[in-house]
Amino acid sequence: MSALPFVRVRQHVNPLAQKYLTPANPLEWEKVYSSPHQPLHLDIGCARGRFVLQMAQVEPRWNFLGLEIREPLVIEANQFRSQLGLSNLHYLYCNANNSLQPLLSSLPTGILQRVTIQFPDPWFKTRHAKRRVVQPELVQDIANYLAVGGVVFLQSDMEFVAVEMCDRFAANPAFKKVGSGEWLSENPLPVATERETTTQNRGEPVYRALFERIS
């Protein structure tokens with residue numbers, strides 16, 4: 001397998017810019033996955049997609065969908081997936097804040113069983129808070145389509161981002177936080193993101209939480 005060139009892109013993209021306001025079209029799931037009725041893991045803000053790339057190999061009986069707003073990264077990730085011949089993995093260029101409903105509404109009921117949102121752009125300035133990915137509307141979209149018993153895994157190396165994400169899921173009656181402590185000490189998934197590994201290698205904290213859809 002030949003190596004792909006490393007694509008350079010802007011680190012931060014404003015999701016409220018005009019070019020990102022058009023929602024994604026629904027997918028034809030039977031053309032995307034070889035076994036479209038397997039449980040689906042949705043990774044929101046997948047960046048270069050290495051996390052779900054590894055997950056798709058570790059868990060072949062799951063399907064994986066990575067959403068990313070930076071199109072060059074999606075093109076690169078899908079090329080890499082094709083080289084590996086993975087038929088349970090797909091990447092989609094879209095703005096998750098306006099595309100979840102049209103995407104997920106076409107799924108068979110109960111298929112979406114796991115969602116991850118890991119190390120999203122923090123958008124430090126208060127006036128940019130609406131650019132953060134976890135808005136109440138996104139939480140509701142997930143609640144509408146995640147199977148009962150399905151889970152949402154959140155993590156960040158910025159405590160204020162993790163707190164805000166948790167507060168927004170906790171405010172939705174469809175979700176219940178798993179565990180008694182404020183943060184999970186370990187990642188419950190078998191694969192760590194590159195950002196997670198780098199942060200831990202520096203001896204810095206990662207703030208993690210797990211929510212379950214209960215109703």
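Any Cβ shown, glycine's included, is placed from N, Cα and C.
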Problem set entry | Residue from D43, D141 that Swiss-Prot also lists as binding S-adenosyl-L-methionine with E68, N95, D121 | D43
Problem set entry | C-beta crowding around D121 (S-adenosyl-L-methionine binding site), within 10 angstroms | 18
For this session: Please state whether DSSP places D43 (S-adenosyl-L-methionine binding site) in a helix, a strand or coil.
Result: strand
For this session: Would you mind reading off the Cα separation of D43 (S-adenosyl-L-methionine binding site) from D157 (substrate binding site), to the nearest angstrom?
Result: 17
